[in-house]
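Record features (TrEMBL):
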COMPBIAS  99-111  compositional bias 'Basic and acidic residues'
COMPBIAS  142-152  compositional bias 'Basic and acidic residues'
COMPBIAS  162-171  compositional bias 'Basic residues'
COMPBIAS  175-189  compositional bias 'Polar residues'
COMPBIAS  228-237  compositional bias 'Low complexity'
DOMAIN    26-82  domain 'Borealin N-terminal'
REGION    99-197  region 'Disordered'
REGION    214-274  region 'Disordered'
Amino acid sequence: MSTKTRRPVALATPPRKVISRYTQAEKESLLDNYDLEVADKTRAFHIQLGVSLQAFLLRQETELMRLPRELRGMTLSDLEDKWGGSWSGTVQRIARERMEREEGARRRAEEEAAAVAAAEEENDDVVKGKRKRGTGATIQSPERKKNARRDSAQTPSTNRSKSSKARKPRSKASQTPSKGPSTLPQNHIFNPILPPITPGYARQARMNEITFSANGSPIVLPPNKGQGTATNTNTSKSKSKGIGIGAVSPISPSRPLPPLPALSDSDSDSELDLPDPAELEAKLLARQSTSTASQPSRKPKRAPSIIFRHAPLAPIPAPAPTPSASTEPISTIPLSDGRTIAFNPLQMDPKVIDEELEQGGLSGEEKELVRKKVREEVVHRLAGMMELWKVA
């Protein structure tokens, strides 16, 4: 009997078909978006790098500007040699060393100049000593050795002539400029001669002198009384001398002219006779003192508070009425000696009343009695006024 063998049959599993979640269009859009993001990041990185470089350069320039100008052109080796602990210390050290060098150079120059001056002084002293002793020989050029005697004879005369010319002052004719006065502004002192005092009035017009009125028309004034002869002589003299006729300044008609003395021969030369300042001042002061003494004092006197009268029964007039006390009645108090005191109770000053009682020649008892009566009268008058103000 035959047996059959079974061979296993291998079956291949077909590959699983993968289904993609993105379509081809979506993949392309994703790739484009990625490219855009990369470009944006790259641009942002470049911008940040530029800003950082700009900030670094600005900081570098700022730090360099903070350095002193004297240290900017130095090398690091020179800066290390001159370093003074800080920038300001380094600048101070460099300035100090420069000043020391300049001071040393100045001192050396002064020493050299002093040495040269000392050598020149020594040479001058030696030459002067030789000239005094007469042992010095004149040094001449070979061309002039033939005429040494003539040169020695002419040298002193030449020196004397030069010294005499130098000492001789220049004549005034040579010093005066040949041109006329300069047209440039000069610094001349302006000091005109003025009269000591200006008169307060105008001079009087002479006979037949032409003056001008306020409206400008010419006026011929007649001669003043007592001055006709003198005026005639003065006018004739002034005409003979060629003096022009002056105009009289206008004066207000309300202000009369003060009397003037007659014109004399000495006054004919000048149109204005100036008074003596001291005499005029003395007259003004005397006039002021006279007017002050003649005028009564303008200060109003105070009316007395109480008035002493010798007629007790007659009505006593009140003091000068004032606007405030024109209707107030006057009270009277009889005294033992026959006099009467009149006063206004509402216008009383206790201190003034005491002074007037002291001056009235009263005794102490009578003063106390008067004060008591005055007080009663004042109280009575005030009570009467208060009654008027009562409201029913």
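Cβ coordinates come from backbone N, Cα and C, glycine included.
A quick note: this is a predicted structure, and the numbers were derived from the prediction, not measured.
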Helix-strand-coil residue split for the domain 'Borealin N-terminal' (26-82), DSSP-based: 52 helix, 0 strand, 5 coil
Counts by DSSP class (helix H/G/I, strand E/B, coil) across the compositional bias 'Basic and acidic residues' (99-111): 13 helix, 0 strand, 0 coil
Overall pLDDT of the domain 'Borealin N-terminal' (26-82), taken as the mean: 92
